[in-house]
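Q: Sharing a structure here in structure tokens format.
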């Protein structure tokens, strides 16, 4: 019984450690409004951010504007 408890606790600590590392790695990006994207954002935002703004990715948000994700 004690071995099961120790194994379960070790697994839980490993999961928490990995989850913390994921949060830290995601925190190295910033999302900014695309500077040269014109018009309402329905599509093509990702391609625009990658090619024109030098960003990692782009997405249309709820406000129908193009937001680019860059390394901070």
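Yeah, the Cβs are placed from backbone N, Cα and C, and that goes for glycine too.
Among the features that Swiss-Prot reports, signal peptide is placed at 1-27, with the record citing sequence analysis. Look at Swiss-Prot and you will find 30-72, 41-60, 45-66, 49-68 tagged as disulfide bond.
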Q: Select one residue from 60, 72: among these disulfide-bonded residues, choose the one with the most other Cβ atoms within 10 Å of its Cβ.
A: 60
Q: Among the disulfide-bonded residues 30, 45, 49, 66, 68, 72, whose Cα is within 10 A of the Cα of residue 60 (disulfide bond)?
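A: Qualifying among 30, 45, 49, 66, 68, 72: 45, 66, 68.
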Q: Sorry to bug you, but what's the C-alpha spacing from residue 68 (disulfide bond) to residue 30 (disulfide bond), rounded to the closest Å?
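A: Between the Cα atoms of residue 30 (disulfide bond) and residue 68 (disulfide bond), the distance comes to 8 Å.
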Q: Is any of the disulfide-bonded residues 66, 68, 72 within 10 Å of residue 41 (disulfide bond) (Cα-Cα), and if so, which, in sequence order?
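A: Near residue 41 (disulfide bond), where near means Cα within 10 Å, the disulfide-bonded residues are 66.
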Q: Spatially, and counting Cα to Cα, which of the disulfide-bonded residues is closest to residue 72 (disulfide bond)? Options: 45, 49, 66.
A: 49
Q: Fewest other Cβ atoms within 10 Å: which of the disulfide-bonded residues 41, 66, 68 wins that one? Let me know.
A: 41
Q: Which residue, out of the disulfide-bonded residues 30, 45, 49, shows the minimum number of other Cβ atoms inside 10 Å of its Cβ in this structure?
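A: Per-residue Cβ counts within 10 Å for the disulfide-bonded residues 30, 45, 49 bottom out at 30.
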Q: Between residue 49 (disulfide bond) and residue 66 (disulfide bond), what C-alpha distance do you get in Å?
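A: Cα to Cα, residue 49 (disulfide bond) and residue 66 (disulfide bond) are separated by 8 Å.
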Q: What three-state secondary structure does DSSP assign to residue 49 (disulfide bond)?
A: helix
